[in-house]
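Enquirer: This is the structure I have questions about; it appears just below.
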């Protein structure tokens, strides 16, 4: 979610919500902790490898010094194998943790992308509605202006012809419109008759 802070009379700046800041802080903390754990694991593995190398070298040269014999036939190779298995399990656990963090970051990026798309869609919708409102006002203004011009023209005509003359002119225009309407109705009837004629002929051809 994005809030806006007004700066000056006509501008506003986006300000991230506290929830987004909290999520970003948590992610930064997780990444920092992950880096520290990796460094610690690498240091432990390095120390363990060094100890095992020294033990193996000492065993090959002098045998185990200052140590008891491996219990019940356990050899140093067995201990080395167990240490390697332990390191392997650690690596697998690290991979799983990295996978979970990557999935979390992926979901976070997808959510942020969805929020950006929604914000863009809302902005486009607001711009479209604003444009439609401006066009509606423009049409209304033109209609009002045109109506005012028509009323002014009728008033001037009435003044010029007088009430009786203007009334006779309106009657003449009404008769002309009625005659035009009758002509259009007759043309429509003629067209419908022709359509019906050809439709009957087609039906007769299909029925044969």
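Each residue, glycine too, has its Cβ placed from N, Cα and C.
The following feature annotations were taken from Swiss-Prot:
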REGION    59-93  region 'Disordered'
COMPBIAS  69-86  compositional bias 'Basic and acidic residues'
MOTIF     86-91  motif 'Nuclear localization signal 1'
MOTIF     115-119  motif 'Nuclear localization signal 2'
COMPBIAS  125-143  compositional bias 'Basic and acidic residues'
REGION    125-160  region 'Disordered'
MOTIF     136-140  motif 'Nuclear localization signal 3'
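Show me how these features fit into the structure around them.
Expert: Here the motif 'Nuclear localization signal 1' (86-91) has, by DSSP, the following mix of helix, strand and coil residues: 6 helix, 0 strand, 0 coil.
For the compositional bias 'Basic and acidic residues' (125-143), no residue of the chain approaches it from at least six positions outside its boundaries, judged by C-beta separation under 8 angstroms.
Confidence over the motif 'Nuclear localization signal 3' (136-140), given as mean pLDDT on the 0 to 100 scale, stands at 92.
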Enquirer: Work out, from DSSP, the number of helix, strand and coil residues along the motif 'Nuclear localization signal 3' (136-140).
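Expert: For the motif 'Nuclear localization signal 3' (136-140), the helix, strand and coil counts are 5 helix, 0 strand, 0 coil.
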